[in-house]
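See structure below.
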Amino acid sequence: MASTLKEIVENNAFVKSVHEDPILHHMPPDVNVNPPFMFLGCSDSRVSEGTIFQNVLPGVLFAERNIANQFLPNDNNVQSALAYAVSALGVTHVIVMGHYDCGGCLAATKPRPTGALDFASASVQNWIEPIRNLFATSDRFEVSEHRKVPAAERALVDELKVVVKNDPEFVPVHALIEENVKVTVRRIYESATIQNHYAKLSAECNVEGNAEPPQDEIQPVFIHGFVYDLEEARVLNLGVSLGPPGFDIPPIPFRPVHR
């Protein structure tokens with residue numbers, strides 16, 4: 001594994017592919033300045049958009065990442081990224097990509113550390129506090145059952161895939177990861193950026209039923225909730241996609257999660 005700047009530059013397969021591909025090598029700088037997708041993922045180094053969607057060329061995914069793929073009202077970075085993606089770039093799909101084995105969600109199942117915290121620790125704890133609140137209030141069966149585990153025992157758990165009741169499908173942290181994605185999808189859908197966009201879409205296109213707007217007019221934006229299974233290297237569909245009133249959700253090519 002690369003550990004120096006020199007090592008991450010050497011043997012860069014993508015750079016080699018660009019120079020070997022005449023289309024990519026001579027791609028004008030302004031090509032594909034309107035990517036159709038926004039990718040909101042986790043900062044985990046294993047799950048970048050380029051890792052999950054390896055065949056996607058540059059210019060297709062506008063990306064924003066943070067710890068545990070959150071969309072929070074007080075985070076100007078993610079708010080401005082969504083606003084720019086929708087209003088300036090004209091994306092038509094916002095992908096919220098969670099992933100199993102998310103350390104941020106595991107940490108949220110544990111009590112907040114007591115006592116004085118240094119700046120770095122406090123920053124991380126403050127960031128995952130909304131997920132800790134989700135863990136405390138979710139009515140998802142696996143999550144509510146895990147809440148019954150004494151806090152002192154949960155604080156000692158370092159294994160992300162804790163199986164409960166000898167059932168391999170009963171993984172509390174995975175359940176919390178899925179619920180966190182669902183919350184993010186809902187927050188994006190309810191955001192001023194999306195709701196204002198939908199209002200403009202309705203006003204300009206006079207949508208009735210499933211009428212399609214003209215190609216040069218404002219386009220519908222759909223928000224999708226997926227989770228990436230690191231062990232299986234596959235994307236799973238949580239079945240929570242949302243879109244503007246009057247428009248059908250486009251077909252989703254990923255296998256649904258059955259919980």
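Numbering starts at 1 and runs along the chain as it is shown here.
From the backbone N, Cα and C atoms, a Cβ is placed for every residue, glycine too.
TrEMBL annotations: computationally assigned, not manually curated.
Listed in TrEMBL for this protein:
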type    : residues                    : note
BINDING : Cys42, Asp44, His99, Cys102 : Zn(2+) binding site
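Sitting within 8 Å of the Cβ centre of Cys42, Asp44, His99, Cys102, and not among those site residues for Zn(2+), are the Cβ atoms of Gly41, Ser43, Arg46, Val47, Ala68, Asn69, Gly98, Tyr100, Asp101, Gly103, Gly104, Ile177, Tyr228. With all protein chains in the displayed structure included, the most crowded Cβ environment within 10 Å among the binding-site residues Cys42, Cys102 is that of Cys102. Cβ-based neighbour count (10 Å, all protein chains) for Asp44 (Zn(2+) binding site) stands at 19. Using a 10 Å radius centred on the Cβ of His99 (Zn(2+) binding site) and all shown protein chains, the other Cβ atoms total 23.
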